[in-house]
Amino acid sequence: MIDINLIRKDETRDKVIKSELKRGRDKNKVIQVYELDIKVIKLRSEKEQLKKQSNFLQKEMANLKKNNKEEDFTAKLKERNTLENKIEVMEKEIKELEINLLAYLNEIGNVLDDEVVFSLTEEDNKLIREYQTDRKVLANLPYDMIFKKVEGVDLERGTKLAGHRGFILKEEIALLKTALSNYAVAFARERKYLLVQPPVLMKKEIIAKTAQLSDFDDQLYSVGDEYYLIATSEQPISMMFEDERFNPQDLPLKYIGESLCFRKEAGAHGKDNRGIFRVHQFDKIEQFVICAPEESKFYFQEMVKTAEEFYQSLKISYKLISIVSGAMNDAAAIKYDLEALFPHKDRYRELVSVSNCTDYQSRSGEIRFGKGKIKGEKMYVHMLNGTLCAVQRTLCCLVENYQTNDGIVVPEVLRKYYGADFIPFKN
């Protein structure tokens, strides 16, 4: 969530409002938080005054009882009971207001980085740079046809088992998937990332602190009333240290998360129905960094560089794009996407997203660093996340780029993980 102190001060509140307007929203939520916060602060102050009065009456009553002044004691008791009833009513009112305040606060996005392009259409996404491989594509089939020709994906039986977008990977493509995953993990570990394999089930109250509210309807699968399946390992890793405090010397922490992920893909009806590009269950290798606030811009660029070097090592052409303000998720202050070339239609498609979420997630999870406060405020770590390899999507991209008339050339960097250099067509 956003820092409420930014809304309390006039100069920073204007910055939050401008950020919300850039996201295509109005300023109403910010104003509601501001007004509710003032009301809560006022009621808390009034409650404290009533408590002081109640405590003073209690001392008076003790003296009256000591001196056997029963009539005066009874009058003071009645007066104190009236005060305590007022305090109880006020506490209930404050609690209700705080619940509403938190709900509104959670609907306000992170303050956008100054670099983010102001636009509500992704057609205005900014090209940062591009990379063109010198590899030649030797045939021109789409990825779903290539999978059929090696008999590596069974969509019919996958759909029978799991419904729409279900799939089964078999033999060579299953082995290639495993090789790609293992290579991605090794690639990250060479760059000092620590491997974590988090749970794919999260408690409802924990995932609510890191997933965007709209995701609960559009993306997340619930398991009973108390659990959700993760849509990315970012979710469990970001809350792994909930209510913990780091020593500054322990930072940064660089993790590479390896997990199954699950997404409903609501709103994607009719999109990418062919093959395994957009599916409900997939494997993903995710970069995640926890660092001091002053270091997050550096690690954002480092994570982008790591993703670029990974796809360069696979000899895949790509474009690096800065996402416009209106397409940004709530937690991100800035986001870059890496869009890789799918040569069959000469089309670039998103394989990677890297986001600097600053302290948006760490505030929700009360994840801090250092001892005490700076200028009276708690010190929260910054958190960044970025795809290294969305495995099924990357497989689709690889087979289009490495196809021949007779089969699929195994990318050179994957050969020691796969065990061969070529996958022949079977039909």
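Each residue, glycine too, has its Cβ placed from N, Cα and C.
Predicted automatically and left uncurated, TrEMBL annotations should be read as such.
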Candidate from Glu205, Glu286, Glu294, Glu412 that TrEMBL assigns to the same L-serine site as Thr232, Arg263, Asn385: Glu286
Integer Å distance between the CA atoms belonging to Thr232 (L-serine binding site) and Glu265 (ATP binding site): 13
Candidate with the highest Cβ count within 10 Å, taken from the binding-site residues Glu265, Glu286: Glu286
Glu286 (L-serine binding site): nearby recorded positions from His280, Leu351, Thr387, Cα cut-off 10 Å: Thr387
Alpha-carbon distance [Ser353 (ATP binding site); Asn385 (L-serine binding site)] in Å: 8
